[in-house]
Every structure is written in structure tokens, then in C-alpha cells.
Amino acid sequence: MGVGEMNKEVIDKVIKFLMMVILMGTIVIWIMMPTSTYKEIWLTSMRAKLGKSIYYGRPGVNLLVYMFPMILLAFLGCIYLHLKKSTTVNQFNSGVEKKRAKFGALRRPMLVNGPLGIVTVTEVMFLTMFMALLLWSLANYMYRTFVNVTSESAATDGNNLWQARLDLIAVRIGIVGNICLAFLFYPVARGSSLLAAVGLTSESSIKYHIWLGHLVMIIFTSHGLCYFIYWISKNQLVSKMLEWDRTAVSNLAGEIALVAGLMMWVTTYPKIRRRLFEVFFYSHYLYIVFMLFFVFHVGISHALIPLPGFYIFLVDRFLRFLQSRNNVKLVSARVLPCDTVELNFSKNPMLMYSPTSTMFVNIPSISKLQWHPFTIISSSKLEPETLSVMIKSQGKWSTKLYDMLSSSSSDQINRLAVSVEGPYGPSSTDFLRHESLVMVSGGSGITPFISIVRDLFYMSSTHKCKIPKMTLICAFKNSSDLSMLDLILPTSGLTTDMASFVDIQIKAFVTREEKTSVKESTHNRNIIKTRHFKPNVSDQPISPILGPNSWLCLAAILSSSFMIFIVIIAIITRYHIHPIDQNSEKYTWAYKSLIYLVSISITVVTTSTAAMLWNKKKYYAKNDQYVDNLSPVIIESSPQQLISQSTDIHYGERPNLNKLLVGLKGSSVGILVCGPKKMRQKVAKICSFGSAENLHFESISFSW
């Protein structure tokens, strides 16, 4: 190990230590927040020292205690991921082996058939701890409510005892809801360093957003109902509902936020989400209304508690917006006989992504507003100039695309305008640690495994490392779906040498058809039309929005935007808010909240735009020209012959997963599954058996 690598390892350990300290400190704050010790001692002391500042006033306490640590944590996460990105394959896998040996059991499925879906031991542990935090907070608040509120104290406010307690219970429930809201946006920040630093992807984290979303709406709805009952008992329902206090909680703003939240919540019902995806998709833009009026409701001082996650989400969302403004070069499309198309885009060689990554695609000629996620089937290492996605016709949007490209008039289409966001995926993968890799798919669930196979083909010849034996178990409804197997290898980039290092076996099952003749099956698979396009000069190769050092650039955006934000707030507070307010909370809450939100928006927009333009000027003009001049490498026959010779097709039956998976030999067998819910549950159940200690389960799901 060289001096540079040793220094990098030391820096890596220091960053991990700092991140752990910040995380533990934040957890302690959340645990102590509902206690009297926090309110009467800690908070009082902090407000005495910071709350009277002429530069920040009362919001300065929450700005320092809640917002600053999370922005710093995200910043350190970016630095950690940048260092990790340059780790060699052998270094990475040696480290992974040690970690997996210790914590492999925590990744095993624990809950399989339940409302939460497939949940691992680790997820159950963290879910239990989070629910314990909510119950701890609620219990502390309720105890203080029932102890401190007496008949005498209630009478001074003109309330009965039950009314006074109901009033405080409603407040406490709302405060507990803020805990859930504080974590709500982290899982949907697709390019977040916080997700990548702990090995999570945006797709795998969606379920956490769903869980938190349900909790947020259950708690906030209960909060609102308690107040409605209280106001009705006081004969003040209408007047209180329309009340917008200048220097206190705004009831009307809270109701608007709640209605926006309820509209989003209703559309998440599975039948509505699947059958009326457009309704679900468009209604979720109400998150802007929800968060805006939530801040107006509670005031900026209290809103800073759950705001860090939203801040990180805003940075990510605006970067995605900048990327989506460009049309990308769609080079060609392959139309398969199974109502499936493969779109091939030109890619900047500096854009690197891991297998199983996803990309969001927008085609304005089909829908100007709809964005749909698709798994990337190409390998950024094997195909440095091309990025490919496979799209199965399963909804209105994808059906329109297939009809457009498969119709007889498709020859008249010279260009298709496409915009993309992404790719998004794991910061690294650890498939090489396994002795063998078993991939189980159903239908279009084969797509993430195509990218894995291609990546391992490349690594087998270039890194000269041992590649796990691969077994692909794929189930299809019809024989025409077998044409998806022809996409396992790309049309260019492979050489004969690569095939000699790979051991792969494919077991394909056609469930709805009996055995057909070899001639008919081959005929169905060979009907693949290729459509070439002529992109405009303005169309660009898909490129990383923040350049080759994207994590460093994101760290710069997070740090600079936050520093500029606190400087702007300090100036405005010192020369505008403080002369009026004098730390007496007399300044209108809505105006102060608006100042903070506008300042955040301005800093995020300016720093993100500046970073994007700087990277575009420095890297892309030169590399775009390079991409256009690259000549394709035609695939040799041996790799394709290997796939054909390794494929075993079974007609009229489903894969017997118990027979195929139970008793697999080897100290480490990776089991990956992507397909229908029942298939994923079946595989998870097999891997959860006590006798399956050598099976390491991972589920890849398209369904939210």
C-alpha cells in the first residue's frame, strides 16, 4: 500500500468517525427533545446564548441544532463517496468481505408476507427503534400534559379540564408528526450522499418514504381532528378555521397543508396509483403546497427542525431539473416481438454508473410532464459510448411508445426528442464476493440482471479477477418474450477473450405455452427490428450533470449554498427583521418564513446553476466531440454462442424455486430476485430459512 493510499485510508476513517459523532449527537437531541430536561435546561440555555442574537434571533437555535448538523453530514458523505469511488476492485472486495462476514445475517429477510413487503432484519431493527422514538416522544408529551394541566389552570383559559387537555394533546401530536416529516424527504433525494453513504439506492428507499408518508398523514390528520373537536366544543369552528394569526400559529395555513397532504395520500392507494398513474403523479406536485403552508402554519423557527431533509431534497430536485432541460441523443431503437423496445442513447465516456442503476425518461411527443423510471441494461465499462434501457409495454405511456416505433409508419420518424434524469444506482456493488450468483426474474424483471451480466463480462477480462458462476432463472409468459435473452449481450464491445472467463447458465421458463418447435421459437426470437435515428446538432450525449467528480461538486454546492444562505439571513435579520422585532416575535411569521424560503431557493438555484455551467464549460465541449468521432466495435460470435449454448428452455411450467434454490452449495451464494410480488416473496422465504445461511438475499423491485 502506497503513501497516498494510506493517507486516503486515514482520511476515510476520520470522515467516518465525524459522521458517526454527528449522527449520534443528532439522535441524542431527538431522544431528549420531548423531556423536561431539554425544554427547561438545554433549550433555555441555548436560547439565552443564541436566541437573542441580532443576526439570527430565535430561529438561530434550531438552525444550529437541527439544520447545520445534517447539512454537514451530507457534505462529509460526499467527501467519503468521492474517496470510495477511487478504491480499486481488490481493495473494495477485501473490505466488503470483512463487513459482510460480520453483518451478513442482518440482511436476511425477516418479514415476507405482510403489509410492509419484504423486510430484512436490519430494517426491522431500525423500524422498531424509530417507532420507539415516536412512542417515547408521545408518552413524554402526554405525561407532561396530564400532570401539568389541572381544573384550576384550565378554568383560567375558560376551558373544562378535558378541553384544556385535548388542546395540548393536539399540539403534542403535531410535534410528534414533525419527527416523521423530518425524515420524509431523505429517501426521495435520488442523488443524495446520505443514501449512497449507507449503501442505499433511491429505488430501494422508496418504501421508507411510503412508510413515513403514511405515518405523517395519520399523525397530522389526528392532529387536525383533535382541533376540530376542540373548536366545535367551544362553538368556534368557523372562526378558528379561518384564523391566520400574524405572530402565532396560522390555523388556515395548517388546514391548506393538511388538505394538500390528504389529496396526495388518497392517490397513493395502490389501485389508483396503478390504474390512474397520471393522477398519482401530478397530485404529488402538491408537496410544494404542503411544505409551503406547513412553514406558514408553524413559523420558520419551528419549521427548521424538519427542514434539513427538504433542503437536501431541493438541491437534488433542482439538479435533476437542470439535467432534464437538455434533449439527449437517441441513436437507435430495437423493437422486440414481445411488446418491448430497447432505446440506445449516446453517452459521454466520463459518465459511470453501477449495474442495476435506473434512469428516468421523458418523451414530450407522448407526454410532456410524465417521467418514467427504467432499469439500465448496459454497462458503463463495457459500453463507454452507449447507454441502453429496455421498456416493456405495460401501461398507456409505454404502449404508445411501442406502437410509435413498431408501426409501419415508424420509418418516417427520423428523430425522437427525449430528456432524461439520472442514472441513479448504488455507489458500488459487491457481486464479486460471491462464489456463485443466482438471478431470479419474472418478465421484464430480467432487465437489472442484463446489466450485471454485462458488467461481469467486462470485469472478467480486464481486472483478471475471479468471476462468480452465474445462473439466470427467468420466467416468461410467452415464447416471444424469449427475445429478451438476445439483449443480454450488447451489439458491440465484446471480444472472444471475455467469454472464456465467464461461467453462465440460463434456465428460461415459458409458462403459458407448451413446447413449440425449435423453428418457431427461433423465428419468434429473430424478429427484432432496429430503427436508427438522426439526432439534432443540439441533442447531447447523456453526461453527468456535475462532471466526473460529481460527489466533490455536490459537496461544494451543499456547503456554499448553506453558507450563502446563513449570510443572507444574517444581513436581513440584522438590518430589517431585528429593528422591528427586537427578539420579541412581533415580526409577522409569514413574512419571516417567506424570507427564509426565498433565500434558500435563491442560494440553491444560483450555486447549482453555477456548478453545472462550470462543469459544462470545463468538460463537455471537448468530450461531446470525442463521442461523435468514436467508431463502434462489432461484437464477435463467440460470446453470443456462449449465451445460446448455455440456455435451457422449459415450456408449460413455472420454475420450481424450492428445487432450484434450496441446498445450493458454496460458502457465499448471492440470490437476486426481480419480478412479481409473489415471486419475490417466495425467494425471500427460501432465503430466510435457518439452513440457508450461505444464501445472501437481495430484492430489486419496480413497484412502489
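Glycine residues also receive a Cβ, built from the backbone N, Cα and C atoms like all the rest.
It is 593-614, from the ranges 241-262, 593-614, that Swiss-Prot records as transmembrane segment. Reduced to three states, the DSSP call for P423 (NAD(+) binding site) is strand.
Long-range Cβ proximity for Y424 (NAD(+) binding site), meaning a same-chain Cβ under 8 A and a gap of 6 or more residues, is found for R190, G191, T201, S202, E203, S357, T358, M359. In the three-state DSSP classification, F374 (FAD binding site) falls within a strand. Taking a C-beta cut-off of under 8 Å and a sequence gap of six or more, H372 (FAD binding site) has these contacts in its own chain: F360, V361, N362, W397, S398. For the topological domain 'Lumenal' (574-592), same-chain residues at least 6 beyond its ends with a Cβ under 8 Å from one of its own Cβ atoms are 51-52, 54-55, 57-59, 244-248, 250, 253, 296, 299-300. Within the chain, the topological domain 'Lumenal' (37-62) has long-range Cβ neighbours (under 8 A, six or more residues past its boundaries) at 29, 300-302, 304-305, 566, 569-570, 573-574, 577-578, 581, 583, 585, 592, 596. Rounded to the nearest whole angstrom, the C-alpha distance between P423 (NAD(+) binding site) and T375 (FAD binding site) is 9. Of the listed binding-site residues P373, P423, the Cβ environment within 10 Å is emptiest of other Cβ atoms at P373.
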